[in-house]
Amino acid sequence: MSSFDEMDAFESASLSARAMAARPAPYLDGLNPAQRAAVEQMDGPVLMLAGAGTGKTKALTTRIVHLMATGRARPNEVLAVTFTNKAAREMKNRVGQMLGQQVEGMPWLGTFHAICVKLLRRHAELAGLKSNFTILDTDDQLRLLKQLVAADGIDDKRWPARMLSGIIDGWKNRALTPDKVPAADAGAYNHRGVALYTQYQTRLKELNAVDFGDLLLHMVTIFQTHEDVLAQYQRWFKYILVDEYQDTNVAQYLWLRLLAQGHKNICCVGDDDQSIYGWRGAEVGNILRFETDFPGSHVVRLEQNYRSTPHILAAASGVIAGNEGRLGKTLWTEATEGEKVRLIGHWDGEEEARWIGDEIEAMQRGTRGMDPIDLDRMAILVRASHQMRAFEDRFLTIGLPYRVIGGPRFYERMEIRDAMAYFRVVTSPDDDLAFERIVNTPKRGLGDKAQQKIQVTAREHGVNLVEGARILLAHDGLGGKGGAQLRRLIDGIDRWNKMLRGPAMPVQTDSEVLDDESGPARVEYGPPEISHVELAEIILDESGYTGMWQNDKTPEAPGRLENLKELVKALEQFENLQGFLEHVSLIMDNESDDGGAKVSIMTLHAAKGLEFPAVFLPGWEDGLFPSQRSMDESGIKGLEEERRLAYVGITRAEELCTISFAANRRVFGQWQSSMPSRFIDELPEDHVEVLTPPGLYGGGYGAAGMAATASPKMQDMMRSDLHEKAAEANVYNSPGWRRLQARSGQRGVSQPSEARNVVIDMNAVSSFVMGERVFHQKFGYGAVIGIEGDKLEVDFEKAGIKKVVSRFLTGCDDVPF
DNA sequence: TACATAGTAGTTTTT
DNA sequence: CTACTATGTA
């Protein structure tokens, strides 16, 4: 089926390539020699190794322009892939800018996923799907898996569906269909993994749905099994460009390799030192292997950095040098020295937040002869999102405007997902997951029992849930209130569905229209009588969904109604509901923000690709950063990825980079003491200035301040001394330690000898003794009257005698010791 | 069926 | 400590 003719018709550019080729190429002037080489080497495989801040987007966009200007390819013959919509948008804008808006658009510039959707819609039938398939998000995916796991009689406790979801994603990332899963993985998920994966894929087909991983997987499979289809695209895409190549997974790699096989005109841009998505299936190996994968390739290194000061670059280089097997780059800059990277230790997380808050305010005013820095130009980059809370709390109390990037996203909010589930049921009745979501929202008196009946009926008749419900009602299978309510819902869905499609028209024969966006569609209905925006309002209204929130008295209800309004407004920008739903499933970013100047708080992952004059990097403690879990799960590989994360963090800074750590932190309500991160030891001391935290009197920690004036050698010693001191200070002063110490006679608790990562569990089983006064969140104060393993019998003053797990008890601080 | 309570688990997350 | 899930009770 092909639609290359259509592509021509629909997507041909208004650019006259030949006309441009005749002129000189002024766009090449602003490039440095390396960038220029990367642009001008158009044929054959090219690997552009682009360090942080070396102008790779510029090189990439110029290359696209050059391809068109020299007449090598038309805009619709260039395949340019990115990972994020943001990157795609930026590239589109910049190409457009350089060409002076002469190009209509590049239909094949987009994210891997967006491009695969487009392709898969054209060839859906080859994957056993209809071209209007739905794209499930991770939430739907998990719910579906839960159903399958439950049906299999598996104990969700021991084998959580989330785990299975991770395993399946892992397989899909490696482009493994169920039949290709290697024998070594057969034991996965209690030996049921492969079977459930098979069931899951079958179920997805029944639902006419795909998950994110499928978009790639299906296309790779189609390319592998349908030579003709592959050949078409190999011919069509004359040049291929890939951004952030270090983040590609196996499936993406195979997809690219298949497409590039013919002409091998593939240009991959990336930086092995910025590969931070290994945990998501990215294979640094892809970029490391490029030269062997594509023999005869040209490698271009972009090493001139236009972003950061020499101190910052040196600090980043020092840290990343600890990794092995790098392709290796040496970043350099013409910039003048600037400030050293600043390092500061704090007593605890709250103090760290306080200090950073003060520092930001000082910098905003302009301090120590430095020009004032706008809040917009400062960022706090954390390893884990839970670190953000300390900053939010602090900034709220001092009234410092901040913005959290990458928090709960608009389209992930409950009310938005509910509303969209309604739209999905109306637009694609096979979408059982959407139906399940809304069948009892708002409450319709349809509980587990009733839903069970609908499921059974649907399965018996081999139809979707909407039809199942209809049959059930027709056979009087559901009486009472629930039945009547269900009737109303089904009637509603039918009515809305009619409004969506417009009045039925006599079926016109031979009128298959190929719509480039959504694939072939048979014309059977007249134009809708109302707009999709109105329809959306009607659906939300008549279903009682809006009413549900209007009647809700909880404080967040008004906000949710506001969000629903926003959702309806967002609909205006789309031609129909389907278009909107697809947009939402692929575009999960949340760009909307009121303009005011604010400090940005985000994770290191979210910061990739961004830059700020002033950057704060808090929480550099072993266990937090590098993350313990990362190291436990992936060992040295995990540690190296953490190190790359540190590299990414430091290289975000243009002028000023401040790294900090806290000796104590409250984690899940318990105090935890940590050593400063090992990455701190890896910072080259010549480029680091150690600051003294305020309010610390003598001993312990002041050493850090003194170190600043000491000789480098001495500094080094003192810095490692700082580790010891911090650990000691913590251990002896934390409430938990005092408690353990008090009881060490009875319990034989010994002093931890290893300094690294000392965790004190105040609520450890062994720390409770008979007769001890304890506190329980719900029951209040009481005395321990019995101990059985980790269960304690406690006589509460108000609540009486209860058996409680020791975790839920806290000893009282007034215990004498 | 719906709500309250007990229990449990708890990175990073471009699409 | 918090946010979610499973269980028990009205």
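Every residue, even glycine, has its Cβ placed from backbone N, Cα and C.
Per TrEMBL, the feature domain 'UvrD-like helicase ATP-binding' maps to A:29-309.
The feature ATP binding site is assigned by TrEMBL to A:Ala50, A:Gly51, A:Ala52, A:Gly53, A:Thr54, A:Gly55, A:Lys56, A:Thr57. Using a 10 Å radius centred on the Cβ of A:Ala50 (ATP binding site) and all shown protein chains, the other Cβ atoms total 28.
Feature annotation from TrEMBL assigns domain 'UvrD-like helicase C-terminal' to A:310-609.
Neighbour counts of Cβ atoms within 10 Å were compared for the binding-site residues A:Gly51, A:Gly55, and the top value is held by A:Gly51.
Listed in sequence order, the residues of the same chain lying 6 or more apart from A:Thr57 (ATP binding site) and placing their CB within less than 8 Å of its CB are A:Ala87, A:Glu90, A:Met91, A:Arg94, A:Asp243. According to DSSP, A:Gly55 (ATP binding site) sits in a coil region rather than a helix or strand. Long-range Cβ proximity for A:Thr54 (ATP binding site), meaning a same-chain Cβ under 8 A and a gap of 6 or more residues, is found for A:Leu302, A:Glu303, A:Gln304, A:Asn305, A:Tyr306, A:Leu331. For the ATP site, the Cβ centre of A:Ala50, A:Gly51, A:Ala52, A:Gly53, A:Thr54, A:Gly55, A:Lys56, A:Thr57 serves as reference, and the other residues of the chain with Cβ at most 8 Å from it are A:Asp271, A:Leu302, A:Asn305, A:Tyr306. Residues near A:Ala52 (ATP binding site) in space but far in sequence (CB under 8 A, at least 6 apart, same chain), listed by position: A:Asp271, A:Asp273, A:Gln274, A:Asn305, A:Arg307, A:Ser308, A:Ala316, A:Leu331, A:Tyr647, A:Val648, A:Thr651, A:Arg652.
Looking only at the domain 'UvrD-like helicase C-terminal' (A:310-609), the predicted model's pLDDT averages out at 84.
Long-range Cβ neighbours of A:Lys56 (ATP binding site) (same chain, at least 6 residues apart, Cβ-Cβ under 8 Å): A:Met48, A:Ala50, A:Asp243, A:Val269, A:Asp271, A:Leu302.
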